[in-house]
Amino acid sequence: MPLIVQKFGGTSVGSIDRIRSAAARALATQRAGNDVVVIVSAMAGETNRLLALAGEISPLPDAREVDSLASTGEQVSAALMALAIQAQGGKARSLLGHQLKILTDSAFSKARIKAIDAQRLHDTLGQGTIAVVAGFQGVDDAGNITTLGRGGSDTSAVAVAAAVGAACEIYTDVDGVYTTDPNICPTAKKIERISYEEMLELASLGAKVLQIRSVEVAMKYGVPVHVRSSFSDAPGTWVIGEEQSLEKVTVTGVALDRNEARVMLVGVADRPGIVAQTFGALARENISVDMIIQSPSVHAIQPGSDEGSIRTTDVTFTVTKADLPRAQHIMESLTAAVGAREVRYDEDIVKVSIVGLGMRSHAGVAARMFELLAAERINIEAISTSEIKISCLLATKYAELAVRALHDGFGLGANT
Ligand code: ADP
Ligand code: ASP
Ligand code: MG
């Protein structure tokens, strides 16, 4: 029998009524002749509420206990979903991460899935039962509960689909992947088909409609992903291999990331090893760094002063806002060792990016992006590029303006 994995996000299980309609959809899919695995997120707002509780107790709470706490949101949804399916005459069984055995590494709050017990799933499905799996959570070798990072239920869904060779449907509060966040830009257009590569960039640059790791897993195992609305039957967006996606347009989408924070080490001694020491310390704590810029220090050294012969540089980088407290802690212990004059932190920034496979073969895309931002008098604080994307760091107040200017400026809008 064909097997379909259906994932329902926070809004789609945000109330008992919505859980009922998701349950009805899963049952209808089963009646149409499929085995069904449902993956659920926590009810909308629940994960934030749980994390805030931990934050009330400590600014740097123990990572193992935070995961144990944060995973409970999905446990509630899974049990309620199973009850809703049963109430509509179906058979259902909820499975938590450790019951299904979604084995992960031990990186709390950002664990990676290592293996999934597919046999356990097949055993459950064998009796005409819908398996309801709690998303976002797993278990490590030592039996600790782990979580997969914010938005991680998408990854649970795609990984389960890969493990059992199923297609994956992601039900959410928009009816597909758009050229930019439709909640920010009213002219955003739904994309019919998008390549894994472009979706990977959009997701990693802030389009939270799919978690980045879910796209990595989909690409690695060739899982076709259909992103669609839980409130309608409209066809959504297919995320698929590059060869099957549409023509390679220069700019496919615009993404906004509000989750970055900037750290600036001012007046660091300009000698070998300093940068390695700084980023080594962050890596050991599992903190990922995004943009990195090294430039001559803003502190001009007076000719003739004692320091006249010492060259210094400023090292600027970005981390996620969630990692900032830990990064701050590390920087404070490092300031003396790297000889930094001062460390500055800035959370009032966003990253706006354009993504498109066609950039590989088109010149002048970056120049056009900078012109469009300049026309709105938006100052660019930092730039980074790859083969198929360009990102600019800006002050938060320009976020929406920049997204709309780039979106419509590159002709992506419904009426441009
Ligand atoms: P869920 O709770 O179902 O996982 P999310 O809130 O994580 O849903 O993701 C859906 C949201 O992603 C949308 O409401 C939308 O605001 C946002 N989003 C950002 N960029 C895009 C995009 N390019 N296309 C569609 N949605 C996007
Ligand atoms: N509940 C988790 C979160 O809010 C996971 C998810 O929704 O995908 O991040
Ligand atoms: Mg999500």
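Even glycines carry a Cβ here, placed using N, Cα and C.
The shown structure was predicted, so the numbers you read here are calculated from the model rather than taken from an experiment.
Record features (TrEMBL):
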| type | residues | note |
| --- | --- | --- |
| BINDING | LYS7, PHE8, GLY9, GLY10, THR172, ASP173, TYR178, LYS208, VAL209 | ATP binding site |
| BINDING | THR47, GLU74 | substrate binding site |
| DOMAIN | 263-348 | domain 'ACT' |
| DOMAIN | 354-416 | domain 'ACT' |
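In the three-state DSSP classification, THR172 (ATP binding site) falls within a strand. Our reading of the ATP binding annotation (LYS7, PHE8, GLY9, GLY10, THR172, ASP173, TYR178, LYS208, VAL209) yields a largest Cα to Cα distance of 19 angstrom. Taking a Cβ cut-off of under 6 Å from any atom of ligand 1, the binding-site residues LYS7, GLY9, THR172, TYR178 reduce to GLY9, THR172, TYR178. Ligand 2 lies within reach of none of the binding-site residues LYS7, THR172, TYR178, VAL209, judged by a C-beta closer than 6 angstroms to any of its atoms.
The two recorded residues, LYS7 (ATP binding site) and GLU74 (substrate binding site), have Cα atoms 12 Å apart. In the three-state DSSP assignment, the secondary structure recorded for LYS7 (ATP binding site) is strand. On the 0 to 100 pLDDT scale, the domain 'ACT' (354-416) averages 93 in this prediction. With a cut-off of under 6 Å between the Cβ and any atom of ligand 3, the binding-site residues LYS7, GLY9, THR47, GLU74 reduce to GLY9. GLY9 (ATP binding site) and GLU74 (substrate binding site) have their C-alpha atoms 10 Å apart, to the nearest angstrom.
Sequence-distant neighbours of THR172 (ATP binding site) (same chain, 6+ residues apart, CB-CB distance under 8 A): GLY9, THR11, SER12, VAL209, VAL227, ARG228, SER229, SER230. When the alpha carbons of GLU74 (substrate binding site) and TYR178 (ATP binding site) are compared, the span between them is 27 angstrom. The Cβ of LYS7 (ATP binding site) has 30 other Cβ atoms within 10 Å, all protein chains considered.
Secondary structure at VAL209 (ATP binding site), taken from DSSP and collapsed to helix, strand or coil, is coil. In sequence order, GLY10, ALA70, GLY73, PHE136, ARG150 are the residues of the chain that are 6 or more apart from THR47 (substrate binding site) and have a CB within less than 8 Å of its CB. Contacts of TYR178 (ATP binding site) defined by a Cβ separation under 8 A and a same-chain sequence distance of 6+ are given as ALA188, LYS189, LYS190, ILE191, VAL209, GLY253, in order along the sequence.
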